[in-house]
Every structure is written in structure tokens, then in C-alpha cells.
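Annotated in TrEMBL:
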- ASP13, HIS201, HIS203, ASN237: Mn(2+) binding site (BINDING)
- 4-266: domain 'Pyruvate carboxyltransferase' (DOMAIN)
- 392-515: region 'Regulatory domain' (REGION)
Amino acid sequence: MSKIKIFDTTLRDGEQSPGVNLNQLEKLEIAKQLERFGVDRMEAGFPASSKGDFNAVKAIADTIKGTSVIGLARTVKSDVDIAWEALKGAESPSLHLFLATSPIHMTYKLKKTPEEVIDTAVEMVSYAKQKFPTVEWSAEDATRSDWNFLAQIIERVIDAGATVINLPDTVGYTTPEEYGKLFRFISETVPNIDRVNLSCHCHNDLGMAVANSIAAVENGATQVEGTINGIGERAGNAALEEIAVALKIRSDFYPYETNLKLNEIKRTSDLVAKLTGMHVQANKAITGRNAFAHEAGIHQDGVLKNASTYEIITPEMVGVNSNTLFLGKHSGRHAFKDKVNELGIELSEDKLKEAFNLFKQLTDHKKEVTDDDLFTILMEIQTDTSAVEKYKLEMFQVQYGSANIPTATVSLKTPAGKPVQTACTGQGSVEALYKTLDSLIEEDLKLIDYQINSVGGGKDALAESRVQLVVNGETVNGRGSAQDVIEASANAFLNAVNRYLVQKNSSALKQVVKS
Ligand code: KIV
Ligand code: ZN
């Protein structure tokens, strides 16, 4: 069995998914789970792209010690310098430099000749190598590049000090056979290729990202890049959990193994789905709700007689446990703390206390509190930055009836601590509520997206709402849960506004510190 390194880019390429907007604490929470999952490398972000990304990469590099943390940079000195500032606290600081090599990108985007592209790549890899022990170089749009040109530039960047060479299928254009041949060609043509790890990075535009990645591995790739749940730009990236399980289940055919702990898959997938708001489709391989469900009678009968009749993967292998009752009204603080630990969430004593109080409130209304319910509460508490003064919901009331005009009355406390109250009408109860909130909040608000879901099943299920708002021109996401759908909707709306205030506050603080 040869070892394949897993490079996770959920926090960089995955975070580039439309509508995804993670704050620093959420990124850190995902990074900790990726470490538990056993990824070899995690790409924490693109430090030069924004202050928020810089801070998140720095926090992750300073915290995560069991996995190598890497940051993305363009082939410009300032990007490399900024990335170094963010990553220098990491155990083994690593940089990911990319430059396009396809005729389309070189002509229209870079406006550089192939010779100029080689010179830039070589110069920047040498520059980066003065600071970073590990430098990965990516030939962006490799699959639409000339193979001989690729071989030439790769040889030069390896001589300049690159330690990993990545051949991304940036636009999801290639096919398994073609991508495999490209890896074989590069492995056999580039004379110094044995000095580096060869990496694949696939996008899913034609639905072939996982198959393409495995074809690369069969033809010389020693590293696979991808994201949890396959999130990413456009149709997303290769789903790492699918690649890992395919290699494991078909180990009779594939002589490769990874360091991933497969029983952490479900937990990792749930965390990423909850924090990004990108739900996994029910029929998705490995992590979809229906991945282990058997509907047809003939299948159910077979599975009852012997699970292997229709099940090639056991739910336990990927960490899927039945989401049954875990704690109830009479559960004490101790049992609660044990369960929090079991879910892999680290909370400070204060946050644990807050979570326990919320859990107790929930048991007043809900007989059976499931792992999913608890996870929802914990994530809200864990990723909340309470140091900043925010809007607080004091009271709300919504009147709705088929013969009435929906009307909402809301009382809030503003960040300055001032109580405010008003009432508005709308076409429906949520519209009335949101119009009322909008009129009480000083910021300029525009609602872009609104979703409401139940957490698990049952009449007493928790409601979880997600919104996307544009606050003073900046897009922010919010989520909120409650027993009632209207209350969950109000919480999500205020959560988005408060997240905006936290972000604004942290940028303002940085300005003060800098000046
Ligand atoms: O898809 C791509 O080409 C990338 C590069 C930055 C490696 O994500
Ligand atoms: Zn990519």
C-alpha cells in the first residue's frame, strides 16, 4: 500500500463557494475538526486577499500543530510576504503559489508570454523558498495547458526549490483517462520529478472530480486535494470523503491508503455543512441522509438477512450513528459535558455553562434532545463573539391569521443598550417580522436569502433558520435556532447583523492597533 497525502482546501477553495462566509471562530472550529479527521495538509486561506483571511490563517497556523497549515499566494512578492506574516507561527510553514500555464490564461488573463510565465514562476518559487520550508507550485489550468510546456516549467520550478507540484483541473474540464495520462507523462518526462510530491486538484464541472483524482493517483499523484462535501467554486471540488472511502472499500483494486480517520467523516461533514450553510444533498455518496437508507422492500429484506447484500459501506465506518435520544430533562452537568466532548467540541467553562442552560431550556419543550439538536446549540454558542455589544431581542409578537393583516411587534436592545420598540405589517408573518426588525436597526439592510429547516424529525423538532443579508454593502450570513420557526427566523436575522458588527469592530480595532 502506498501512502497518499490528503490536502484539504475546504477553508480556501471551499470557502470560495457562492454564499459561504465563515468567520474566524468558525474557520478555527473546522480546522480543529480537520486535524482530528487526519488530513496531512490544510489550506487555511489566502492571506493577501483580505484582512479577515489573514487573521483566520494566522489564528489557524498558531493553533493547529498536528497538521501542516498552508496559505495560498499569487506569484507576487507582497503576497508571499503577507503569507509569511500569517504563517510564520505554524509548526511547518507552507506556501501554495499558483500561476496559470494555459494559452487562454496566459494570453487573456496574465498577458504574458510563456517565457515570462516561466521566469515569474521560477523567481517567486526561489523567493518563497527563502522563507518557507515547503513550497507547493500550481500550474493553474494545467489541463488546458500544453504538456511539453508544463514539463519544461515544472522542471525549472523544481530546480528553484518547489517541494510539491500541483496540476489543477481548474475548470473541471478533464476526463479520468486524459488526466491519468497527463500525470503519467509528467512523471516520465520531467527529469527531477522524483524530488517532489505530485498533486492533483480537481473541480467538478462535469461531475468527474472524484474519478479524475483517483485516475491521477493511479498514474503517479502522491497527493490529493479536495474539500469536505465537495464544496467549492461553481460545481465544487473533489469530495475528499468520497475519495478516501473509495480507496478503502476498493482496496482490493487500489493499493493506496491515506491517514484519514474514516469514522470522523460524518462529524466533519456535518460541521462543514452547518457552518457554511451548504447542506448535503440527500442522495450524496457517503454523507447524504439517504446514503444508508433502504426504501425498496426487497432491499430491506436483504439487508435484514445480511447487510452486505445491499450495503458496501457500513454506517459505522464513516461515523454515522443512529441519532437517537442522548440526554433528557434529568440529565446533569456531568453527562452533558461528556456528551459535548464526545461530539468533539471544546468549550470554555463559561460557554459550557451557557450551553447547559440552553440545553435545560430546550428540555422544557422537547422530550428527546438529539445529537443534532445539541450540535446546533453548541455551534451557535461556540462561534459567537460575545465581546462586542450587539442587538438583543427582548420580546417579539407576531399576529397571523387568514383574515388578518400579518403584524409584528418587536422590542430590541440596541448595541448602545437603548430599548427600542415598534410594529409593522407585511404580506406574511416573516415579512412583517423582518420589516419590523429592519426599521429598528440602524444599519442599511437588504435580505438576499432566507431558509428554514427542521433539525431532525418529530413534531417538537428545533427550527433552524439561515439568512444572507447585505449590511451596509457587505454580505453576511446568519443562522438561528429555536423551538418556533418565527423565533428562529428572528434569531438568524439578528445573528447576521451582529456578525457584521463583530467584523466591523475587529477591523476597526486592527486599524487602531496599526496606527
Ligand atoms: O483550481 C485551481 O486552479 C486552484 C488553484 C489556486 C490551485 O484552486
Ligand atoms: Zn481550485
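Cβ coordinates are placed from backbone N, Cα and C, and glycine is handled just like the others.
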Note to self: Suppose the Mn(2+) site is ASP13, HIS201, HIS203, ASN237. Which further residues of the same chain have a Cβ inside 8 angstroms of that site's Cβ centroid?
What the structure shows: THR9, PRO168, ASP169, THR170, CYS202, ASN204, ALA209, GLU225, GLY226, THR227, GLY232, GLU233, GLY236, ALA238
Notebook entry, point to check: If you count the C-beta atoms lying within 10 Å of each candidate's C-beta, which of the binding-site residues HIS201, HIS203 ends up with the smallest number?
Noted result: HIS203
Note to self: For a quick check of packing: other C-beta atoms within 10 Å of the C-beta of ASN237 (Mn(2+) binding site), how many?
What the structure shows: 32
Check: Looking only at DSSP and grouping its letters into three states, which state does ASP13 (Mn(2+) binding site) belong to?
Finding: coil
Next item on the list: Taking helix as H, G and I and strand as E and B in DSSP, count the residues of the region 'Regulatory domain' (392-515) in helix, strand and coil.
Entry: 42 helix, 52 strand, 30 coil
